[in-house]
Every structure is written in structure tokens, then in C-alpha cells.
Amino acid sequence: MSASSTATPAQGENPPPENEGLTVETGLKPAGPTPSSSRFQVDLVAEAAGAADKTFASGEKAIPATDCSEPAPGCEEAKGRFRVVNFVDPSGASPPEAVPAEGFQNGDTVMSEGSLHSSTGGQHHYHYDTHTNTYYLRTFGHNTIDAVPNIDFYRQTAAPLGDKLIRPTLSELHDELDKEPFEDGFANGEELTPAEEAAAKEASEPKGAVKFGWIKGVLVRCMLNIWGVMLFIRMSWIVGQAGIVLSCLIILMATVVTTITGLSTSAIATNGFVRGGGAYYLISRSLGPEFGGSIGLIFAFANAVAVAMYVVGFAETVVELLAVADCMMTDQVNDIRIVGTITVILLLGISVAGMEWEAKAQIFLLVVLITAIFNYFIGTFIPVKSKEAMGFFGYDSAIMMENMRPDFRGETFFSVFAIFFPAATGILAGANISGDLADPQLAIPRGTLLAILITGIVYLGVAISTGSCIVRDATGSINDTISRQFMSNCTDAACKFGYDFSSCQNDGNNSPCDYGLHNDFQVMSVVSGFGPIITAGIFSATLSSALASLVSAPKVFQALCKDNIYPGLEMFAKGYGKNNEPLRGYILTFCIALAFILIAELNVIAPIISNFFLASYALINFSVFHASLANSPGWRPSFKYYNMWVSLAGAVLCCVVMFVINWWAALMTNVIVMGLYIYVSYKKPDVNWGSSTQALTYHQALTHSLHLSSVEDHIKNFRPQCLVMTGYPNSRPALLHLVHAFTKNVGLMICGHVRIGSRRPNFKELSNDQTRYQRWLLKNETKAFYTPVFAEDIREGTQYLLQAAGLGRLRPNTLVIGFKNDWKDGDMANVETYIQMIHDAFDFQYGAVVLRLKEGLDVSHISEQDDLLSSQEKTSGMKDVVVSIDLKDSDGDSSKPSSKATSIQNSPATQKDDEDEGKAATKPLLRKEKRPQTLNVADQRLLDASQLFKRKQGKGTVDVWWLFDDGGLTLLIPYLLTNKKKWKECKIRVFIGGKINRIDHDRRAMATLLSKFRIDFSDINVLGDINTKPRKENITAFEEMIEPYRLKEDDMEQEAAEALKASEPWRITDNELELYRAKTNRQIRLNELLKEHSGTANLIVMSMPLARKGAVSSALYMSWLETLSKELPPLLLVRGNHQSVLTFYS
């Protein structure tokens, strides 16, 4: 910096621009350095004596003494940033007046006397430096802006757990001081979608939200959901059908499935911070939006309909009690509807009142449920004589042994399993309210697994106890006793207690059994110590499950809507109150539940809902397997008790159980999931959650690339892999569209861009451009890669790309460039560079392709030629910039780019010198506001021609002038082109050279060759007059064209001629011109034939003439290409590397 840059600016004035590197505007303007616009603030903080060396904990922010209670832009800007703070000298010395230039040495360290004696290892100090009169941030005793590790650096923007700090960028620590710091950005995957940003801001505001621990939030909910009505009214029937052994097996099988799913859920839940959304959030963040979006929708719907199922179950029990008391309102079906409607309205009121009230209701219901369970177990130990006629005799080994064996009556093992399994679901009840948990990573694993364990033990206990004290059949009549003399003929376990129930066991008997495990669903009420408590338990089980589902469905649906996976559902993303309650989701869930309650027939929909839950379980298990298989470094769950193969087995088991429960419901579930998956995949939501699908895609790409490199190339598998020198991808649309037409889904396409580097190339901008233009290619559905490089000149940059572009076998083998239409107007040194690029391609064993349109290719000077990056397409945090190309340097040398240009577009045929010496071509690439621009006729034609290959080609021809055998690339490109939909109606015509007396023979030979290659063609033309001398006026025109570029060595001294040739190697010597006279005439003649035969073709593909390196000057070679291709339809000059790319062998 200059000395003047350290001078103190007057009060209230802005400092010179050189000082803007390290100061930031604050809310107040104290004496000293005047605020400016940097990240790091320099504040003056008045401190009491003795507090000059105040210490802050590692990573904490310094709190300035300035008052930020009033609105001030500086205070907001300072939030979450590390700041360099200047303190007023406590002794009363005047404040530091400026930051000296030597104060920051490369952004690293400046040692002061005080810092040498520091012993504050890992803490930051604000320390007064007596030499520089400035305070600096200190780390490990060094004055530096470098930061120690801190959790706040790794938060997402406006994260709910705390403020995000932004660590000093590499540029701020590494770049030279007079270089502007780069704009802030996020690390890969850190940027949030607008929905996540809004959700994070809402969550970050301290509103006193209610958060639950693992017991109230997860354990209680899971236990209530798993202990459904099945426990009280179906468990005894299952034991009667399957026996004790198979009943325990059924329970254990279901528990295995839920346990594996619980382990997988725990693994996902502990692999990073979990937000609200439950199963949807876990699956979407693991497998991506496609699976997450499809499962999220059906999971929310399944929970909504489950509310109706549980409420109808409750209503049926109430109506049965009303029927016993003879208090029916209308008929049974309508009474169920009335009771169900009243019940769901009450449940909605509890839910809308808030999570706190809902949690209190759940606790009350759990107490009732546990009381009912204990009531049952106590009753099993209290034999009552009056209950014996109903089959209850207390614990007895004979009854237990008799009930060990199965006794299926109209059922099978799998049908009984299908009836029981829904009782084991509900393990995601806690995870579904993950957003309301204080610590989801701790609560979900602990609460879910403990709930599975407790409920599994209770189910096993009920199965064993019912099978040990209740017989399968009983009449309920005390008259069915038998005397001891008839006991010898009685074999049932009840005979031991003096009862014979054989009279009702015969199916043909008119008095069937009404009691026992097989016949009485309410047998647990009979066994219990106090029957009404079991009824209360049934009410508790149904209402708690309904309440849990009524809360889960809106929470999951809200999370789904916030991510904007399905357009049109954003209205349900809005939350209300301190807990961000989804009131709109509650209303929607209520409406769905009410609709199914009014149907009152859920026997058809019930198996579908069970399958929806199982599909969610299967995908959670598959998520863990998928993430483990992808082997992503980001997969680091703190819960270690999982195994990828066990999770895969769990996913398979879930799918098997789906078909066991109901095969048509399983098929319907899979169809719905796949339909939603295809829809979301087609819509391509703009989200990036770092899913395991991305990780596995990378893993597979890397594996396959390595495998591909181990296999030798074969002619049958040759693909044109093109390095297309487009510059910015939107600069030459015609070149981009044509190459994309024959490489799409066939070969590799890399858009190369050589940017002429200034003395200080901006590599950060290069990286940003690479990301930006790659997004542009994807948005325009162009399957290509954009690869920019900095280089001293175009040829050097092209050499870099020829050598380094691609990976393994995925490397270019063909260089594609545009024809340099303006070669006669500019510096011939550019022509020399252009021709040398073609020679370099051949040196690297590349094929070469040159496209010429008579209107030209480069449309970058037309500002409205493309909506390059609209605001919704730009990456987060990027600003609009105008990238300009200045081709005139201050010294008048038009061949060098201006050092003032921060970004210069240079690639083959990109440089166009302006007609006015003092003007530079400005190419705006990013504009928010379009300004109407009147195009001249030439630009309008150019713009129309640039879209030529994007349109569908009508009936026409692609003329292939295969004059020289280059390995077949000249023929392969048009074949690939005409296979595409846009070129399907074009026919291939082949033109070859020959002799007049052998035209038929040559045509048959070529037809045979093309048929062996299996390439369709419409006509073959043999040119017998190709060696005829061209017309005199065309020869004259050629000689006039090359006149300015001739050396004319015969008219000057030999030494002068040699010196001129050395300084301008592109000049054409007389000897060279005479030596290649015949070849020159051939190019002129070919142009005449092209105009004659192919003047109306849609595209001409022609063998490119070769020039021997070192023998043919650049000017002569360029003149050949110009003469050959002028005044023609679109022309593609092709020359392969003379390695076969076609074969007729199988």
C-alpha cells in the first residue's frame, strides 16, 4: 500500500478504496477508522481500566460495547461474524487512527511483544499491540484472523440450534492484501432451499416452543400405538387358532421386523440433525426426494385413514355397550357414524390445543392402558367359580399343553400372522414428531427400541397366559358339568375341572360354543379382575392410536409441503403458534378421517394402510443398506448397532409381509409408490440433500470408470467423444446443438473454454463459472460438461484440454471447432494459432471437425440472445455480473487481451476485433433486466442460423463427401446424426471421387461397403470430373485472396525474406504455392462441385483436406479451407485420426 493509504480520514469521510480490505460499517461512527464494506469489523470499544486484555472462550464472538439496541445496519451485519476489534486505550490515550499496511502480513500472523508471552493456548485474545497501535484477534498466542474449530461454523444458515458463524475464507487468509476478497459462499451441499431457509428461520426464533424428552415424546407414543385394540380383543383368538408355540412365533416374527426397522431408524436418526417430518424426513434425506416424496405422501395419507380405523374401532365398542344397555340411537351403522364423528371432533380439539395438551392426554391414556393390562394379569391369578363355565379355570399345565398345538379353523398360519402384524406397527409414532423432540438423536433410538422390547414382552406374556388358563371352547352353561364316573370318556382339559364342553364342539350341533379362546373376543374381560377396566383399556388403546395418527399425519404432511416436492401443496406448509402447529394439515386430516368414518366399512382399506406402513418400514431399512453400500464419508451414525445386511434382510421381510397380509394391496401399494416416484423424478425438484443415491451414483461411476480403463478399446464400441471449443456454452449455439445431436446418449461431449489469463487470473471466478454454466447445460437438457482453463493463449489452453480433459476411457478423441470466418480481417498471428490447434489435435491422435455456417457461429455480442442464468437458476449467493472481453490493450496491440478485463472469453474463433480502434467488445452474460434491442439484418440472420440445428429438420439430405478414407469418422457422424429424431427425415447421399471410365464399378464397390457397414443411403454419386481444371474466374479470385499473405521472396533480398518468414511464418512462399498448385486447384474445383450438387442440402459432411505440418503455411491452408467451404449450406469438415471406427465383423 502507499503511504497515503494509512492516513487518517476526516471525521465522517470515507477512507480511500485501498483501506476497504479490512473494515466494515457499524451502527456507530467512532473516531478512528471510518466504516467500509469488508467482512471483518474494526470497532472501537471503550473499556474500563484493567479490562484491556479481556479473554473470550474459543470461537465465541466479541461483544462490542456499542449499543445495538437501536436499528443499525452494522449490528445486523456483524451478527455471526468474527470481528477484529480495536479498543480505546484505558489509560486515556487517543484511539488508533488507522490500520497500517504492515498490520496484516498475508492475512496470517503478526507478532507483538505481548503475544510472545501469551499462555492462552486455544483461546482468542484481543490484545493491544504497542508497535502497531492495533488490537488483533489472537489464536495460540499469534495475532491472526485464522479461526479454531467451532461447531457454529458447520451450522446451516439460520439453524435452529444456534447462529451460524462464517469462518474466514481461504481467499481472506491466502490472497494478497490488495486483492478484493471473494464473495461468501457455502460449502458443497450447505445451501438451503427457500423452504428450508424459511423453516430454519422460524425454528431459530426463540418462541418458547414445547420440546419433549425420550419418554414422553417417543416411548409413550410408541407403546400406545403398538398396544392397539388387538391386544384386548384379538390376542386370545390368535392363541386359540395358532396355539401358544405358533402364537409366540408370530409375535417374534413381527418383533424381528419391527426391531430391525427400529435399528435402521436409529441409525438414520443419529446420522445428523433431524428436523420434523418423521419417516418422510428420514427417507427423503437418505434416499432423496423421489422415494421420500412418494413415501411421504402415502405415509401421511395412511396415518389420516388410520385415524378413521381407530375411531371406528372405538365407536363399535361404544355401540355394543349401547346395545347391551338398550340405548341405541338409530341403527348400528349410523350409530357408529355418529359416535365416530363426535369422537374425531374431540380428538381434533385436543390436537389443535397444542402438543402439550396432546401429550398430557397421551399420558392419561397410557395410565389407563397399563392399568387394564395389570388388571388382566391380576385376574388370571384369581380363579372364580362363576367363570369356569366360560372356559376360565386359572393356570393349569393340562390347559397349557392342550393349547400348545395349533387348531386352525378356517385360517392358516399366514392369515393369522396377517391379522396380528398391524398390532406390531406404530414404531414410528415417536419419530413422526421428530421436530418436537428436544434431542431426536437420543430420543428416537432409545424410545423406539425400548417400546418394541416392552410391548413385545407384554404380547408374549398375554399369549402364554391366555393359553395357560383358558380353554378353546366353552358353553357358558353351568349345567355342562360331569360326574366322576363319566370322566373316563372325557379327554379335554376342562374335564379335569368337571366340565364337558364337547356338546358344542361338534359343528353340526345346534348349540355352538359362545365362549373360550376360539369364540369370545371379549375373553380378557372375563378373565380380568374388574371387567370394565378392560373396556376402558380398549377405549384407551383406540383413542391413543387415533390421537397419535391425528398428530403424525399433519406433521409429516407439513414437512413434505415445506420441501415443495408437489406443486400446489405449499399452503399446508404454514405453521401456527409457538410450536409451528400445522393447523391446515389438522383440518385436512380431519376431513379425510371423517370421510372414511362416514363410510364405516374399512375392511377393504385396512390392508392397504398396513401395506403403506410396511412400505415405509421397507424403505427405511433399505435406506440404511443403501447408505452403507454407497460408503459415503458422510454416513457416520453415532448409533453403531446396525448392519447393512440385516437392514437389507429387514427390507425384504417387510416386502414379504406385505404380500402375506394381502397380495393385491401389496401390488397396489407398489404401483402407487412407483407412480409417485416417477412423477417426482420427472418434475426434478431443485433440492440437494446429499442423499445416498448421489453417493452411490458417484461410487458406481468411479467403479465403472476404473473397470472401463482395464478393458482395451474395440472398434465396435467406438464412440465420437468430442472436445468442442465453444467458449461459453451459449456463445455458439449452432456448434453446441449439432455436436449434441450426434453425441447425445452415444458419446462424451466436453465444452472447452480457453480464457486468456491476465497477470492475476481469478481462479475463484473460473470455478464459479464452471458450476454456473454446467447448470445452464443441464437446464437446457444438453448432455455435456463445461471445462474452462486459464492459459497464456488459445493454443496453449487447447493443448491443456487435449491432454487433460476427460477421465480414463471417458476422454475426448475428436476436436470440434468453429470455422474462423473473420480470419482475413484480424491479425494473422491468430490464424497461425488457429491452424496450429488443428495440427496439435492430429499430433495428439485426435480427429478434427470444423463447422462452418456462412452467417457465422458466435452470437455472444448479441446481448439478448439467451437468458443465460435467470434468477431462479443461479446458485445461492451469486450476484449478477457482467463479463466483458476487451481485445484492445492500452498499447494498441490488438492481439493481446486487456489486463483490465477480469474475465475474458477466448476460444477458437472467439476473438473478433472491432472496427473502431478504441472500442472493446462487451459481452454481457448475466442481466436481470432485459432492454429491447434492435438487431441489424446481419445479426438477425446470425441469430436465426444459431438455432438451425435445434429445430426439426424436414425432408432433405445429408450429403457425405467421403473423398479420403480417414477410418470412417466422416461416415459415422452423419449416420449417428440421421438416427436422431430431429434428423430422421433426412436421407444420406454419398459422394466419392472416381474415374470416368469406372463410375459404375466404383458405385457398386461403395454400395457393397456401405451395406456391409449396415448404413442406409439414398444415393451414391461418383465424381469423375473432380480433377477438371476449375474456372478461370475462381482461380483469379483465389489469387487475389492470397495476395496480401504472400512472402514474394523473389522481390527482395534473401536475408530479408528469411527474416520476414521467421517473424511471420504464416506467409506463403512462391515455391510453396507452385508446389501445391494442383491441390489448390482441387479445392477450388471441389467448391464448384459442392455448389452444383449439394447447394440445397441440409448439411454437408466432407473430408477435410490435410496440410503437412511445416511444409504448408497457415495462410495457404486457411485459404484452402476458405475456398473449399465458402458460399455453401452448413458444412462439416471432418478428418478422423486414420484409425478404423467402422467394422463389418460381428
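Note that the numbers count up from 1, one per residue, in the order the chain is shown.
Backbone N, Cα and C define each Cβ position, glycine as well.
Just so you know, TrEMBL annotations are computer predictions that nobody has curated.
Now, the feature entries from TrEMBL:
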COMPBIAS  1-11  compositional bias 'Polar residues'
REGION    1-41  region 'Disordered'
DOMAIN    129-180  domain 'Amino acid permease N-terminal'
TRANSMEM  214-233  transmembrane segment
DOMAIN    217-723  domain 'Amino acid permease/ SLC12A'
TRANSMEM  245-274  transmembrane segment
TRANSMEM  294-315  transmembrane segment
TRANSMEM  336-355  transmembrane segment
TRANSMEM  361-382  transmembrane segment
TRANSMEM  413-431  transmembrane segment
TRANSMEM  443-462  transmembrane segment
TRANSMEM  586-606  transmembrane segment
TRANSMEM  612-630  transmembrane segment
TRANSMEM  642-665  transmembrane segment
DOMAIN    732-1146  domain 'SLC12A transporter C-terminal'
REGION    889-930  region 'Disordered'
COMPBIAS  901-910  compositional bias 'Polar residues'
Can you tell me which recorded stretch out of 245-274, 294-315, 361-382, 443-462 has the most Cβ pairs within less than 8 Å of the transmembrane segment (214-233)?
443-462
Thinking of Cβ pairs under 8 Å, which stretch from 245-274, 361-382, 443-462, 612-630, 642-665 has the most of them with the transmembrane segment (413-431)?
245-274
For the transmembrane segment (294-315) against the transmembrane segment (642-665), do we get 3 or more Cβ-Cβ pairs below 8 Å once near-sequence pairs (under 6 apart) are dropped?
no
Restricting to the domain 'Amino acid permease/ SLC12A' (217-723), report the mean pLDDT as a whole number.
84
